[in-house]
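> This is the feature table in TrEMBL:
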DOMAIN    415-492  domain 'Recombination activating protein 2 PHD'
BINDING   Cys420, Cys424, Cys447, His453, His456, Cys459, Cys479, His482  Zn(2+) binding site
Amino acid sequence: MSLQMVSTVSNSSLLQPGFSLLNFDGHVFFFGQKGWPKRSCPTGVFLLDIKQNELKMKPVFFSKDSCYLPPLRYPALCTLRSDARADEYQYIIHGGKTPNNDLSDKIYFISLVSKTSKKMTFQCIEKDLGGDVPEARYGHTINIVHSRGKSMSVLFGGRSYTPLAQRTTETWNSVVDCLPSVFLIDFEFGCCTSYILPELQDGLSFHVSIARDDTIYILGGHSLQNNTRSPNLYKLKIDLPLGSPAVTCTILPGGISVSSAIVTQISDNEFVLVGGYHSDNQKRLECNTIVLEDSKIEIVESVCPEWTPDIKHCRTWFGCDMGKGSVLLGIPGANKQIIPDANYFYILRCKGGEEDKEEELITQTCSQTSSEDPGDSTPFEDSEEFCFSAEANSFDADDADTYNEDDEEDESETGYWITCCASCNIDINTWVPFYSTELSKPAMILCSGGAGHWVHAQCMDLSETMLLRLSEANVKYFCNKHIDLNKGLQTPQKVMCLKKPPMKPLRKKKTMKLSTSTKKSFLRRLFE
């Protein structure tokens with residue numbers, strides 16, 4: 001084994017615990033950044049280009065018929081082929097955390113549709129499922145099994161938030177183990193079926209699963225309920241006859257009590273297990289070799305690399321399989337670094353260069369590897385892992401296309417994520433859609449005050465009906481700050497007076513003047 005440090009070029013803050021790697025045609029693609037994607041790469045998927053021990057990132061595009069794929073951290077993913085020996089494949093992505101810490105229950109299919117020297121284009125499709133649909137979760141695994149000419153997906157483990165009916169103020173954001181159910185997913189008909197097996201008593205997360213033909217081996221994992229790391233080795237066998245599938249589970253001896261371990265494949269039937277945790281605060285620096293032969297599994301100790309002092313003394317670490325016997329490892333950077341949230345990365349090669357052949361590996365691996373994320377996790381929480389399943393190869397493309405955070409316009413000051421007013425509370429890391437028309441960015445409206453500026457519709461307390469009306473009508477809008485000023489500057493409209501015809505003067509009535517004697521005579525008669 002050999003260990004080599006890799007330097008990142010101006011973008012190491014994107015490489016945070018919880019992301020995943022996809023491998024298409026020997027090229028490695030990064031997916032699942034911590035925050036929402038920026039305008040320079042709205043897809044949130046990057047090509048990882050490693051040349052001369054330097055890591056660069058280049059944006060990737062989606063086809064027009066693709067659905068929106070949020071940056072999911074700690075999802076379960078694996079490759080899907082039409083049959084076990086097929087060359088073409090696509091990736092299945094299920095679950096994971098969004099940048100708002102919401103859990104996803106959606107399942108996506110992502111495939112490479114076109115590739116040139118300067119542009120990679122993916123297609124992403126969301127798949128609808130029926131039946132016993134798995135709940136939203138993270139830290140789980142998904143694999144594909146093949147039996148009797150048919151294939152199915154098998155999903156197991158993970159964590160989820162406490163059900164709403166059981167939440168209290170103190171435990172509102174607490175996570176719990178998902179039930180230890182085994183889900184069989186038939187993508188041809190879009191249906192799911194769950195199975196409860198007596199051998200699986202406790203929920204597990206951040207475990208390792210290795211699939212070969214019709215068998216899946218589950219190793220290690222952490223249980224929140226018991227705060228233990230299972231020493232058991234489970235063997236799931238899935239039979240797919242013409243009728244209903246048959247699922248059986250067997251507990252085998254020789255397991256390892258570990259969580260967040262990384263597994264990489266070095267030959268058709270040989271794997272290397274690296275890293276993980278023995279306990280909440282103790283890393284596992286040992287390595288093991290796993291051999292699969294004739295429906296049997298053998299786990300033996302192997303020679304470990306010479307770990308650097310930084311790796312030995314750090315409290316947490318994370319990493320994942322890069323494919324073909326290579327593992328990417330990361331450790332937290334120093335607190336005094338110029339770039340915040342930066343990490344140090346190493347590549348661990350588990351086999352010699354003469355054995356590194358360009359070959360498609362039939363056996364699939366899926367492991368949940370670790371790193372503690374103190375920003376949005378409970379203490380330890382098994383270090384919130386992520387998956388890799390790729391190998392880093394050089395990609396001969398123009399360096400002008402390399403993604404560089406320093407070259408990107410800061411969207412906290414411009415664009416959709418500006419501070420539009422004194423009471424603005426729109427933040428790129430915590431924003432969630434407010435209007436039904438919003439997808440990945442907040443709705444904005446142009447204020448005509450002064451030289452004109454954009455404001456968030458939500459900050460202006462606009463209803464959705466009013467927002468739609470303003471977007472359709474050809475009228476000027478003034479924000480809360482400029483509406484009073486605009487009223488004061490407006491010239492009052494001239495009020496036209498109504499012309500009324502002149503009124504005719506009233507004629508004076510003629511009155512008769514009575515003499516005094518006549519008045520006295522009249523009064524005398526009145527009182528008689």
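The backbone N, Cα and C atoms fix where each Cβ goes, glycine too.
TrEMBL: automatically predicted annotations, no manual curation.
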> If you count other CB atoms within 10 A of each CB, which of His453, His456, His482 wins among these binding-site residues?
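When each Cβ's neighbours within 10 Å are tallied, His456 tops the list.
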> Quick check on the binding-site residues: of Cys424, Cys447, Cys459, Cys479, whose CB has the lowest count of neighbouring CB atoms inside 10 Å?
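Result for the binding-site residues Cys424, Cys447, Cys459, Cys479: minimum number of other Cβ atoms within 10 Å at Cys424.
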> Per DSSP, what is the residue count of the domain 'Recombination activating protein 2 PHD' (415-492) in each of helix, strand and coil?
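The composition, in the requested order, is 19 helix, 8 strand, 51 coil.
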> Around the Zn(2+) site recorded as Cys420, Cys424, Cys447, His453, His456, Cys459, Cys479, His482, what other same-chain residues have a C-beta within 8 angstroms of the site's C-beta center?
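Other same-chain residues with Cβ inside the cutoff are Cys421, Ile445, Trp454, Val455, Met460, Asn480, Lys481.
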> Under 8 Å between C-beta atoms and at least six apart in sequence, can you list the same-chain neighbours of Cys420 (Zn(2+) binding site), or say none if there are none?
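Once residues fewer than 6 apart are set aside, Cys420 (Zn(2+) binding site) is near Ile426, Met444, His453, Trp454, Val455, His456, Cys459, Cys479.
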